[in-house]
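These notes concern the structure reproduced below.
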Amino acid sequence: MASQSGEHLLRAAQMAEADRITIASGVPGHELMARAGSGVAAAARRMAAPGARILVICGTGNNGGDGYVAARLLQAEGRDVAVMAPLGPATTADAGRAAADWAHGRGAAVAIDADVAGYDLVIDALFGAGLNRPLDGAALDLARRLNASGRPVLAVDVPSGLNADSGQAMAASVRAAATVTFAARKPGQLLLPGRLLCGDVTCVDIGIAPETIARVAGGIFRNSPDLWQASFPAPSLEAHKYRRGHVLCGSGGPLSTGAIRLAARSALRVGAGLATVAAGLDACRAHAAHLTAIMIREAEGAGDFARLLDDARFNAVILGPAGGVGPELAARVEAAARRGRALVMDADAISSFAGAPERLAAVIAAGEGAPVVMTPHDGEFARLFGDVAGVMDVGAKYERAVAAARMTGAIVVLKGADTVIAAPDGRAAINDNAPPWLGTAGSGDVLSGLVGGLLAQGMPGFEAAAAAVWIHGAAAQAFGPGLISEDLPEQVPAVLRRLLRQGAQAGAAR
Ligand SMILES: NC(=O)C1=CN([C@@H]2O[C@H](COP(=O)(O)OP(=O)(O)OC[C@H]3O[C@@H](n4cnc5c(N)ncnc54)[C@H](OP(=O)(O)O)[C@@H]3O)[C@@H](O)[C@H]2O)[C@@H](O)CC1
Ligand SMILES: Nc1ncnc2c1ncn2[C@@H]1O[C@H](COP(=O)(O)OP(=O)(O)O)[C@@H](O)[C@H]1O
Ligand SMILES: [K+]
């Protein structure tokens, strides 16, 4: 798993292990802390004009140590710096050394009840990765006063109170305008509400080798092209349309046809060679009034649909967008999985297995190993898994998604502003490029089409799902506010142009 390329996200325990390995290899801890503190000071310089009053709040551990280093560096260049140590003196050797170096300067120490609103910038170095229980007492009170003050906060590693693994606040958390983290980003900086509490995150190299990061990493990635570009389908002169795959899209009834058209159009836009919508006769008439490049086939029930799959050229299937919840749709899912087609299950296809994830797991297991990607939002996810132990009750969002993937054998795309893509082998990617205006009716249908279009071109399931989620976010960004779901497929060509250019450059550099 460590051999997978991409930007690793490290949990607090993995980060501590990377520190330990680096220190054991001969880099002293205080040197790592010096680089970390220097990165914090650089960010503070960008945030505070000369003459600004800066308050550094230092905890007792190494996070506080980073704060003392930053305070010393800023003060040495003539900045107006004060330090508050609300929980008492440093308790680790490296932090103690940093605190002593600071105290040799001429900086002021301020009392815990000082008015934090009197400062232009507050550096929050109270707790970092060592946070091991919810804030309470003086720390909780200080975090609340800081948030109420409205002053810009620069957080060291993570805002104090934020769980770096899960992205959840432990009782309460400081809300930062910016965060400087070290060596690698942490999952809690991408997951909500953590992403909002961190503000802009900068990752500073403190001298921990990339090999060390890869060695301790646990298969959680930031979703970016690095993760999947190597398997992204590049157009080739030799490829005719059938080589680029044929997506079969199962329609809902005559009054619910728009969703699957959005999916089919998106599948074509992302590069599938052909897309066909399969529908009952009345729905076919509705589709015929709209479709040009996308083909239409009549299929009245699940039996008709299964017979269409006798044509081996339909190599990917999309089921679910406005498909109608019930046994009929479940039977189509079963037919597609049994016939070994790469399958996207969205919306109603997921809900057709409500409370019966074991049944879905059996359907997928009976397939021929072709990828099945399901794309639930939180509501559909909860409907599918009900109160299944070990899925709904596990901590972080990526842990829920991985548990669901392991249980069902599907790639799980758990949607939201912080969409997580998870594979049965334990890999997970957290997406952070989706703008808020992507949450618009029908945008999930577009996503299912993008996944199906990439699967049809032979991309592996996890990579296809991650790439589709990223392209979806990039297309929404490219359009901007005012987006409706019909706009998304039309933005895909520009996103692909950029991706293919970058891919060619990366290939040339290798
Ligand atoms: N290791 C390295 O080489 C490097 C590490 N680096 C930096 O170190 C940071 C991690 O440092 P860390 O492990 O010392 O933990 P840290 O976040 O300072 O807090 C621990 C202290 O807080 C206490 N405590 C916890 N929760 C509490 C609560 N709710 N309420 C009250 N107290 C609470 C806990 O108390 P205890 O559990 O012992 O009672 C302990 O005393 C990391 O984020 C990065 O900034 C960089 O310098 C690069 C090199
Ligand atoms: N606040 C948000 N910020 C960014 N993306 C969002 C937000 N809310 C929803 N999304 C994305 O929008 C899409 C909505 O999908 P879905 O809930 O299935 O909607 P629909 O059924 O209308 O198509 C998902 O890809 C989801 O990740
Ligand atoms: K902090």
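Just so it is clear, glycine is given a Cβ too, placed from its N, Cα and C backbone atoms.
What TrEMBL lists as domain 'YjeF N-terminal' is 15-214.
For Asn63 (K(+) binding site), other Cβ atoms within 10 Å of its Cβ number 26. Annotation source TrEMBL lists (6S)-NADPHX binding site at 62-66, 128-134, Asp157, Ala259, His377, Asp445.
Positions annotated as K(+) binding site by TrEMBL: Asn63, Asp124, Ser160. The local packing around Ser160 (K(+) binding site), expressed as other Cβ atoms within 10 Å of its Cβ over all shown chains, amounts to 30.
As annotated by TrEMBL, domain 'YjeF C-terminal' applies to 224-499.
The DSSP secondary structure for Thr419 (AMP binding site) is coil. Positions annotated as AMP binding site by TrEMBL: Lys415, Gly416, Ala417, Asp418, Thr419, Gly444.
The binding-site residues Arg133, His377, Lys415 differ in how many other CB atoms lie within 10 Å of their CB, and the one with the most is Lys415. Here the binding-site residues are Asp66, Asp124, Asp157, Asp418; the one with the fewest Cβ atoms within 10 Å of its Cβ is Asp418. Cα separation, Asn63 (K(+) binding site) to Ala417 (AMP binding site), rounded: 29 Å. One residue stands out among the binding-site residues Gly64, Gly416, Gly444 for having the most other Cβ atoms within 10 Å of its Cβ: Gly64. If you draw a 10 Å sphere around the CB of Ala417 (AMP binding site), it holds 17 other CB atoms from the protein chains shown.
Looking at the domain 'YjeF N-terminal' (15-214) alone, the prediction's average pLDDT is 96.
You'll find the Cα of Asn62 ((6S)-NADPHX binding site) roughly 36 Å from the Cα of Lys415 (AMP binding site).
The number of other CB atoms found within 10 A of the CB of Leu131 ((6S)-NADPHX binding site), across every protein chain shown, is 23.
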